[in-house]
Structure formats: C-alpha cells, structure tokens
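Reading through the structure tokens given below for one structure.
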Amino acid sequence: MRLRNKPWAEEMITNHPEVIVPNPEDFKGNWQVVFGNNNPIHIEVGTGKGQFVTGMALQNPDINYIGIELYDSVIVCALEKVLEAKSPANLRLLKVNGADLNKFFNKNDVARVYLNFSDPWPKTRHAKRRLTHGDFLKLYESILVDNGEIHFKTDNRGLFEFSLISISEYGMLLKYVSLDLHANMPEDNVMTEYEQKFSAKGQPIYRLESQFITKL
C-alpha cells in the first residue's frame, strides 16, 4: 500500500480514543473492560482501510473485533470507515505493530486471527517477514485460545502456497482451502478493498482456514 502523508491524521486519531484505543498494553488480559462484555475477540492484523473489520463487526454483533494497523495515514482511513458505520460498540482499532501482539494480548485473549492480503515479501531473504511464517504462527498461538483459528485471504499464489506449507509444517489443521473463493463464494463473505479490486479484474482469491491443535 502506498502511504500518502496526511498531516491531519495524528490529531484525528488522538480525538477518537473511543475507537483507536490509547495505551492498549493497559488492557492486556482484560479486554472485557474495553468492550463491556466477555464475547470472543477476533483480530485483523493489517486492517488497512478498515472495510473488512467494519463489515465483520456489523455482521456479527456478538463478536468483538480489533483491527491492527501501524501507520497513521492508513489507520485514519479505517477510523473514517468506523465513524461512517456509527462506531459499532463491538469494534476497536489499535495503532500498533502486528509483530508485537503479545505486548497487548495474553494467552486466551483472542479467538481468531484474520490475515487479509498481507504483503507477500516475495524475496526469499524476506521470508520471515511474511505473516504466515512459523515465527508469526508462534506469536498468534501465544495469544489465541486453545484450538484458536487463523483465516487468511490473498491474491498472491506464491504467498498462498508458502502459507499452506508453513501452516502444515507448524502442525496446524487446515480446515478449509479454496483456490478460487469467488467461484463459490460463501454468503457471509466480507470483502476487503483489495479483494474487490482484484476479483473485479478476474484474479482468483485464495483462502484458507486453519486451527491450532492443542498439545497434550
């Protein structure tokens, strides 16, 4: 995603603590204080402009959603999307690095992780930066409930194949795999901005659902 400087972004972010949680490390292990309930929490790492996480929150009011995004110029777009949707009570955003999730969540805080159209980092020497690399899977496992899930969508065949191998080698269960999601699209599918763009061009969308297996 090309980042365009938005000089007004920082002020807008500061003015909406009801959406973009300040000092999220203070709620580690205690997110029910933020949401006012004990409903399961699903997070999207790399929430981009927020279309997916906002749509999911509106579609599933009994699940709490948190969108993770690092850059001011991007998260402010997600903030605008949330405000347009009248700030659903079950949705928050965090302006943090997705590599630091265990600074903000304890084990069992999160039920599901969504990864949508992540940077493919195509060069071999950058493989560890891919969000489905084993190091990231270990990070997700450290905050997820037992048998927690990862749902992943991409238009990049190479990244998808890498992810299938990485997830399998980690010992996770592959519950669902699609090489063309839109050929038989689930009724409850919520599209991201990238998904709309690529599918309109006829590019296949790859999707998988995977689950950690509780180690005895």
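Cβ atoms here come from the backbone N, Cα and C positions, even for glycine.
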Which of Asp72, Asp100, Asp146, Asp155 belongs with Lys123, Thr192, Glu193, Tyr194, Glu195 in the substrate site listed by Swiss-Prot: Asp155
Further S-adenosyl-L-methionine ligand in Swiss-Prot, beside Glu69, Asn97, Asp119, within candidate set Glu44, Glu141, Glu149: Glu44
Substrate binding residues Lys123, Asp155, Thr192, Glu193, Tyr194, Glu195: largest Cα-Cα distance, in Å and rounded to whole number: 25
C-beta crowding around Asp119 (S-adenosyl-L-methionine binding site), within 10 angstroms: 14
Most Cβ neighbours inside 10 Å, all chains, among the binding-site residues Asn97, Thr192: Thr192
